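Shown next, in structure tokens, is the structure this report addresses.
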Amino acid sequence: MAPESLAEVPGCNCFWYLGVVAATWWGLRAAWCLLNGARVWVLGSGAQVGPTIGKWAVVTGATDGIGKAYAEELARRGMNIVLISRSPEKLEEAAIHIKQKFKVETKIIAADFGKPTEIYERIEAGLRDLEIGVLVNNVGISYEYPEYFLEIPDLENTLDKMININIMSVCQMTRLVLPGMLGRGKGVVLNISSASGMYPVPLLTVYSATKAFVDFFSRGLHAEYRSKGVTVQSVLPFFVATKLAKIRKPTWDKPSPETYVRSALNTVGLQTQTNGYLPHAITGWISTSLVPVSAAISMGMKMNKGLRARFLKKAKQN
């Protein structure tokens with residue numbers, strides 16, 4: 001004899017309640033994401049970042065791309081700028097431009113982060129007695145083109161440089177600047193990671209791993225020192241129109257460095273881990289919440305194999 005209602009089916013009520021619980025959970029999660037997104041991307045102002053937390057900002061990799069944009073935006077907000085990069089000529093040019101345009105003080109320190117034993121004592125001396133409110137650890141290098149690990153040109157030297165520039169510079173610069181921030185009970189450390197550090201990226205494996213380190217280091221450090229007034233933020237951009245990314249023309253999803261940095265600074269104090277820019281945040285949420293890591297790795301492999309093939313074909317033709 002057939003049951004007269006679904007309630008008479010054994011276990012039906014359990015499935016119904018489970019469905020209600022699941023739907024409620026997903027609804028609450030979606031609502032939280034929307035509210036949090038509005039808090040960050042609509043209400044965020046970046047008011048925390050400026051001369052009230054310290055007269056000086058220090059920016060590594062400050063003469064190009066995102067680093068240059070951070071230096072100029074922080075100068076626009078009234079902070080004096082210490083620019084650290086490899087080329088003395090480009091540093092002089094950037095310092096003069098910032099000083100004339102924004103009417104702030106500038107200081108330059110020429111340093112090759114790929115040769116760490118030669119630079120940190122000199123950087124420490126150059127930063128001595130400065131009231132540093134913001135440190136932007138931006139300097140970084142990537143591959144010339146996607147490549148299998150053992151086939152990376154000049155592999156041993158490339159590994160040393162990438163680890164020294166992408167990882168050691170972040171640790172050492174933080175070591176130099178953080179004590180002064182703790183002494184004043186305020187400061188902001190912005191560590192520029194990459195969306196490539198959100199999951200493994202085949203054929204950019206070492207670069208991806210170094211950026212994952214920056215992300216983990218930043219979030220751990222923030223937990224250690226936030227109660228003492230220091231904010232540490234991990235910034236994970238997707239593509240930005242820079243020389244490093246080999247993108248010349250900005251688009252809505254590949255913004256100029258200036259557009260990206262203005263947006264990213266508005267998230268300071270609101271997110272300890274940020275993609276920095278609304279279209280990037282949406283992409284980041286999709287790629288980490290909806291796409292399985294295994295699928296993201298497979299897509300990265302397929303994309304980079306294509307880029308590798310095109311690069312090698314072009315190199316062979318030349």
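Quick reminder: no glycine exception, Cβ is built from N, Cα and C everywhere.
Here is what Swiss-Prot records for this protein:
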type     : residues : note
TRANSMEM : 15-35    : transmembrane segment
BINDING  : 54-83    : NADP(+) binding site
TRANSMEM : 187-207  : transmembrane segment
BINDING  : SER194   : substrate binding site
ACT_SITE : TYR207   : active site, proton acceptor
TRANSMEM : 281-301  : transmembrane segment
For the transmembrane segment (187-207), distant same-chain residues with Cβ under 8 A (at least six beyond the ends): 48-49, 53-54, 66-67, 70, 132-138, 140-143, 146-149, 152, 158-159, 162, 166, 170, 174, 177-178, 180-181, 213-215, 217-218, 221, 229-238, 264, 268, 275, 280, 283-284, 287-288, 293, 296-297, 300-301, 304-305, 307-308
Spatial separation of the residue listed as 'active site, proton acceptor' from ALA62 (NADP(+) binding site) - C-alpha basis, Å: 20
Pairwise Cα distance for VAL58 (NADP(+) binding site)/the residue listed as 'substrate binding site' [Å, integer]: 20
Under 8 Å by Cβ from TYR70 (NADP(+) binding site), counting only residues of that chain that are 6 or more apart: ALA57, VAL59, ALA62, VAL136, ASN138, LEU190, VAL261, LEU265
Integer Å distance between the CA atoms belonging to the residue listed as 'substrate binding site' and LEU74 (NADP(+) binding site): 21
Local Cβ density at GLY54 (NADP(+) binding site) - other Cβ atoms counted within 10 Å: 23
Among GLY54, ILE66, VAL82, which are recorded as binding-site residues, the nearest neighbour of SER194 (substrate binding site) by Cα: ILE66
